[in-house]
Amino acid sequence: MQPKGYLALVLHAHLPFVRHPEHERFLEEDWFFEALTETYLPLLEVFEGLARDGVHYRVTLSLTPTLLSMMTDPLLQDRYLRYLDERLEALAGERRRTEGDPYFHPVVQFYSDLYARLRRRFAEQDRKDVTQAFRRLMESGHLEILTCGATHGYFPLLAVNEESLYAQLSMAIRTHQRILGRRPRGIWLPECGYKPGVDRILNEFGLEYFILDSHGLLNADPRPKYGVHRPIRTPGGPAAFGRDYESSKQVWAAEEGYPGDPVYREFYRDAGFDVHEPHIKKILHAGIQTFTGLKYHRITGKTDWKEPYHPSWARDRAAEHAGHFMSNRQLQVQWLASFFDRPPIVVAPYDAELFGHWWFEGPLWIDYLLRKIAYDQNDIKTITPAEYLDRFSDLQPAAPPECSWGAGGFHEVWLNGSNDWIYPHLHAAAERMSAMVQRFPHADGLQRWALDQAARELLLAQSSDWAFIMKTGTSVDYAVRRFKTHVHRFSRLADMVETNSYDENYLRDVAARDSLFPDMDYRIFRLSAD
């Protein structure tokens, strides 16, 4: 029986490429380890559990090429095991410290069980490579996995040099196919950043659709007859889906969104700041107080006073919120269906890291939501954008405007007084790279090695994460240093190529540090999708 409407849950999983073999420990590598622990592995457990129980569900997940590269990197895999082992050792000390405490000892035991389970899973079941678990879920039809820009470069501002867009897309699709075994049908545009003409290039690469924020679809020309609840056909060929504001607000909104509920885990209270015992200090980087992932309090309220976290209370609340979200989607599609001549689609895109990292109970919420949709009602079904296009291919033609899903809906997050200085360097480097491709179309030996590494360095410099961090002010020194480092490495490598004078030790060192994209071909920086 055809439902009244469809829900497309879309999760965008991304981290910048952070890997520092030159250091035994590096603080920013914890970004990846925290996301594995709190988001990627818990989501895998949810998706696998649903499949094992025979629950019908469809979820769309983007895994960016930089994230896939880190997930398959042996150094980071081994360091993640060390990260888990160090926390299990710290938790043994925490169990001794809280023994007899009826409030905090159960929370410590909860974390001990969680980290032990995740370690067993990662080491034994996944054999340290979680990408293959995602691949199996894709092959079984439960997940549709999207690609993204190779290093999450922000397309509207890179489009000054179209060769950069071709390079970002070419390496993205190569990486997706190499690791996941098939070409992607759709793409998550980095930051949902769109500029007219991008659709044409996507079509050259065989990409069938992308997702925009609400205003990107609503302000298309001509205005879409069905708003964001049916995709449009862009001038270049791919379909564009629009973000549903109502479903996004229920999860994202700071005040009324689900993650702010008082019984949920408090993100900002962490043992790294609260506990001053040697076993906790041992897992801090150079004694710097920072997040450890061991968080014992619930949100409680808006004051600094926080009460102990109760996992069972939070689990019950996640079930309530899943039911509330589902009932709202039922009412929404019932109303929309009364006007539409075919079932509407509600596209609900989120950063994947919201679920588990920022909102600890988020994976539980997804678990309950997908079970409730499968068993508790008949109005909506989950679907992927590709499935929707297979069923309903007759779309209204319309041209989206330049847009993003950043604050203000345009480019101001990635182009402002804090980060505008990076773009002259990026554009000059892209021009230089494109010129070298034309000048040396058949490089080999040291010249090929240097050109391939120069292409890697330029792609890494193009990551939108550096501009974003400079704007938000979180780890500015690191972002500035990373950007300058990659631009400097690119320039030195380009100098070698242009003067035909090579420093093999330097080449070897840089290649060992920035080792992603092993199938690199520097000729991706040209106006061709071949």
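Here the Cβ of each residue, glycine as well, is placed from N, Cα and C on the backbone.
According to TrEMBL, the feature active site, nucleophile maps to E191. Per TrEMBL, active site, proton donor is recorded for D351. Residues or ranges marked as substrate binding site by TrEMBL: R243, G260, W405, D465. According to TrEMBL, the domain 'Glycoside hydrolase family 57 N-terminal' annotation covers 8-391. The domain '1,4-alpha-glucan branching enzyme C-terminal' annotation in TrEMBL covers 425-525.
Structure coloured by features recorded in TrEMBL.
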residue: E191; record: active site, nucleophile; contacts (Cβ under 8 Å, 6+ apart): H152, Y154, S404, W405, G406, V413, W414, S464, F468
residue: R243; record: substrate binding site; contacts (Cβ under 8 Å, 6+ apart): C192, I211, L212, D213, S214, L217, V228, V347, A348, P349, W405
residue: G260; record: substrate binding site; contacts (Cβ under 8 Å, 6+ apart): A254, I299
residue: D351; record: active site, proton donor; contacts (Cβ under 8 Å, 6+ apart): L11, H12, H14
residue: D465; record: substrate binding site; contacts (Cβ under 8 Å, 6+ apart): P16, H152, A479
> If you run the three-state DSSP split on R243 (substrate binding site), which class comes out?
Replying inline: coil
> Under DSSP, the domain '1,4-alpha-glucan branching enzyme C-terminal' (425-525) has how many residues in helix, strand and coil?
Replying inline: 78 helix, 1 strand, 22 coil
> Across the domain 'Glycoside hydrolase family 57 N-terminal' (8-391), what is the average pLDDT of the model, as a whole number?
Replying inline: 97
> Once the DSSP letters are reduced so that anything not helix or strand counts as coil, what is G260 (substrate binding site)?
Replying inline: helix
> Including all protein chains shown, what's the count of other C-beta atoms within 10 A of the C-beta of W405 (substrate binding site)?
Replying inline: 22
> In which DSSP state, out of helix, strand and coil, do we find E191 (active site, nucleophile)?
Replying inline: helix
> Taking the residues R243, G260, W405, D465 listed for substrate, what is the greatest CA to CA distance in Å, to the nearest whole number?
Replying inline: 26
